Amino acid sequence: MAVAVAGNTSEDLQYNGKITWLVTLSCIIAASGGLLFGYDTGVTGGVTSMESFLKKFFPGVYIQMKEDTNLSNYCKFDSQLLTSFTSSLYISCLIASFLAAPVTRDYGRKPSIIIGGVAFLTGAVLGGVAENIYMLIIGRLLLGVGIGFTNQSVPLYLSEMAPPKSRGAFNCGFQLCVGIGSVVASFTNYGTEMIKGDWGWRISLGMASLPALVLIVGALFLPETPNSLIQRDHDYGKAKRLLEKIRGIDDVQEEFDDLVAASEASKAIKHPFKNILERKYRPQLVMSVAIPFFQQVTGINVISFYAPILFMTIGSGVSASLLSTLVLGIVATSMTVVSSLVVDKLGRRAIFHIGGIAMFITQMMVGGIMGAKLGEHGAMSQGYNILVVVLICIYSCAFAFSWGPLGWLVTSEIFPLEIRSAAQSINVGVNFFCSALISQTFLAMLCHLKYASFFFFGVWVALMTVFVYLLLPETKNIPIEKVDTIWREHNFWKRFYKENKIQEPLLSSHEPIA
């Protein structure tokens, strides 16, 4: 199957404008919403490996880890109650992402970001002072509400504010903040693990309130996106003035006309979750489900959630496993920076392919080494232990270069305005559903499949790389309100337009709007 996209080049579709300080600062503040997701993801695995935390909330797991010498290396942490501590957050994220859709659409991207920050702050405080499992889980649920709202609204905000030629770099800022948050969490865990008593894990969980405060305070000063102003308030004058300000020029008529045309089209959509099921939106619907699904079955959340536990499984001590996790986060985050610098030059598809191949090779090697060298009891030699850590680092770097940032970038730039909030909610919802499922089942999977767990994820990585090659067109440098052209010209997806006789959108053919 040919996959090239013919027709107009991205240069033919460009708007006027430049990168301004207003856009840069606004996107930095909004992207800090990724700190919430990253910190929680990074802190969870470290906290669940701390002995004082396990003794207080999961004594059965602590006994398995310390006293049951007959238990397999792969099964020491197999506890549905322990995994519910992780997965409860993502179930909450799933529900919150759908509640966030009407808020983001009807009230704007900015209020949705603030709501997410407040909910996350409340959950962080409750987790830090938790005295029983119920307080702990309620805190996790509130953290999930915060992440659900921010992950739904922040990528949209970034894609709508950024100039088309630099949209990839700006949107990658979200994943960069996810990585930074994870590194900060790993560093915090490494320090607090040495604190005696309950204070260690309490500080780790409570520190999640700091990125939430940063986001809340910063978001109060954010401008709303021009797309949202036109869609909600129909205040064309205010929206055009803002567009001129964020683009740094007076000649924004073409882009403004396209935003108004997209808004007019969105008025006809009364029930976006129903309308997205129509045949003409089939490419976007497929991508809103497939991309987040594939992002999770890379196995990255196994590393993110359970890296310290995984390193302890292969024979590292608690401190050594937390240190390995910290190094892992630093190296992976650096690759997100590299991705943001090249994504608008290499394109999305090339980066997906590079990352997919690297992840597949490293997953297969880790599974092979653990299968050959790690038995049911004891530990691997130090040399193989280090090799596994290095391979996991390479795998994490490949994800941070490709599916990490691009999973959020591509799904935030391919939806027309009329279904954008609904489609983003589906994207976030699928992402969190798969996160919850994997986080709830992985420790049981590790116990039963053992080293073959890595082969399982490796096969999925191969399948999703083929999927991108065949079905995902390139979106590099294409304005967000003109991205519909890539589906109309794709050799597979164009049939959903031709068979329905969809008219070409009148994006810039109408009279200029003052």
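Every residue gets a Cβ built from N, Cα and C, even glycine.
Keep in mind the model is a prediction, meaning the values are calculated, not measured.
These features come from TrEMBL:
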TRANSMEM  19-39  transmembrane segment
DOMAIN    26-476  domain 'Major facilitator superfamily (MFS) profile'
TRANSMEM  81-101  transmembrane segment
TRANSMEM  113-130  transmembrane segment
TRANSMEM  136-158  transmembrane segment
TRANSMEM  170-187  transmembrane segment
TRANSMEM  199-222  transmembrane segment
TRANSMEM  285-309  transmembrane segment
TRANSMEM  321-343  transmembrane segment
TRANSMEM  350-372  transmembrane segment
TRANSMEM  384-410  transmembrane segment
TRANSMEM  422-445  transmembrane segment
TRANSMEM  451-472  transmembrane segment
Would you report the average pLDDT that the model assigns to the domain 'Major facilitator superfamily (MFS) profile' (26-476)? 85
What same-chain residues lie close to the transmembrane segment (19-39): Cβ under 8 Å, and 6 or more beyond its ends? 109, 113, 116-117, 120, 143, 146-147, 150-151, 153-154, 157-158, 161-163, 166, 170, 173-185, 207-208, 211-212, 214-215, 218-219, 221-223, 245-248
When you scan the chain for residues with a C-beta under 8 Å from the transmembrane segment (422-445), skipping those not six or more beyond its ends, what do you find? 77-80, 82-84, 86-87, 90-91, 93-94, 97-98, 100-101, 104-105, 144, 147-148, 151-152, 155-156, 272-273, 275-276, 281, 284-285, 288-289, 291-293, 295-297, 299, 301-302, 305-306, 309, 407, 411-412, 415, 453, 456
Determine which residues of the chain contact the transmembrane segment (136-158) at the Cβ level, with the cut-off under 8 Å and only residues 6 or more beyond its ends counted. 27, 30-31, 33-34, 36-37, 40, 57, 84-85, 88-97, 99-101, 103-104, 109-110, 112-113, 115-127, 130, 167, 170-171, 173-174, 205, 208, 212, 215, 222, 225, 408-409, 411-412, 420-421, 424-425, 428, 431-432
State the residues, same chain only, that lie 6 or more residues beyond the ends of the transmembrane segment (81-101) and have a CB under 8 A from a CB inside it; answer 'none' if no residue qualifies. 40, 44, 48, 57-58, 60-61, 112, 115-116, 119, 133, 136-137, 140-149, 151-153, 272-273, 305, 421-422, 424-425, 428-429, 432-433, 435-437, 439-444
Spell out yes or no: are there three or more C-beta pairs under 8 angstroms between the transmembrane segment (321-343) and the transmembrane segment (170-187), with each pair 6 or more apart in sequence? yes
Counting only residues 6+ away from its ends, which parts of the chain sit with a Cβ under 8 Å from the transmembrane segment (199-222)? 26, 29-30, 32-33, 35-36, 39-40, 43, 46-47, 50, 52-53, 110, 113-114, 116-118, 120-121, 123-125, 127-130, 139, 143, 146, 150, 157, 181, 184-185, 188-189, 192-193
